[in-house]
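Quick notes on the structure that follows.
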Amino acid sequence: MKTVTVKNLIIGEGMPKIIVSLMGRDINSVKAEALAYREATFDILEWRVDHFMDIASTQSVLTAARVIRDAMPDIPLLFTFRSAKEGGEQTITTQHYLSLNRAAIDSGLVDMIDLELFTGDADVKATVDYAHAHNVYVVMSNHDFHQTPSAEEMVLRLRKMQALGADIPKIAVMPQSKHDVLTLLTATLEMQQHYADRPVITMSMAKEGVISRLAGEVFGSAATFGAVKQASAPGQIAVNDLRSVLMILHNA
């Protein structure tokens, strides 16, 4: 399987990489969080731009990105505006969403962008091509905060992300039962064994799905999200606890 290397971090081999989310609402809280996060041990920093209030100003967004980059120059930075329809904090037009991502790509400050699969195939493909032309990787994502689709449907979505050029396909779903968690793990394993030619990230959310955040190395998920202070999605656990369990499973 092809790995993805970002700032000397090899995603897709060994232990799942730990991603943490920074969710400051203004420039001061972004800076404070970024400085505080330097004390934590993790692999990738996701900036959840949908928590930032001044998204109407691209300049403000880029200023905040610069603050984060200056605070942590060596950590891979993932730029994520999560849409309201997929569990994010704000509603913006597709055009604004795409222009924010392009501005982030142009800035040279981010290593990866998160691009939602259901933004529209033509726009997704154009943005992937634009990112790759600027040496920025694409995590292509889909989130369902209400249910868990069938394993077949989840595999189809992940395969579509590959077909559209995602460097790392990602899916996160909400379980309504323990069986749903098994469905997500089944889809992950099937993808890894039969279709994936690049790293994939999957998770089942909430308390019920916590096992999926820990068992990535077993079933084929290349990264997992942990919390430094505040969780960005239900079911995330503290980064130190997360790393301990990942290491136990890795060394077993």
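Glycine is treated like the rest: Cβ placed from N, Cα and C.
Annotated features, as they stand in Swiss-Prot:
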type     : residues                                                  : note
BINDING  : Ser21, Glu46, Trp47, Arg48, Arg82, Arg213, Ser232, Gln236 : 3-dehydroquinate binding site
ACT_SITE : His143                                                    : active site, proton donor/acceptor
ACT_SITE : Lys170                                                    : active site, schiff-base intermediate with substrate
Helix, strand or coil at Arg213 (3-dehydroquinate binding site) [DSSP, three-state]: helix
Nearest-integer angstrom distance between the alpha carbons (Cα) of Glu46 (3-dehydroquinate binding site) and the residue listed as 'active site, schiff-base intermediate with substrate': 14
C-alpha spacing of His143 (active site, proton donor/acceptor) relative to Arg213 (3-dehydroquinate binding site), in angstrom: 15
Within 10 angstroms of the residue listed as 'active site, proton donor/acceptor', Cα basis - recorded positions out of Ser21, Trp47, Arg48, Lys170, Gln236: Lys170
Mapped DSSP class for Glu46 (3-dehydroquinate binding site), helix or strand or coil: strand
DSSP three-state assignment (helix, strand or coil) for His143 (active site, proton donor/acceptor): strand
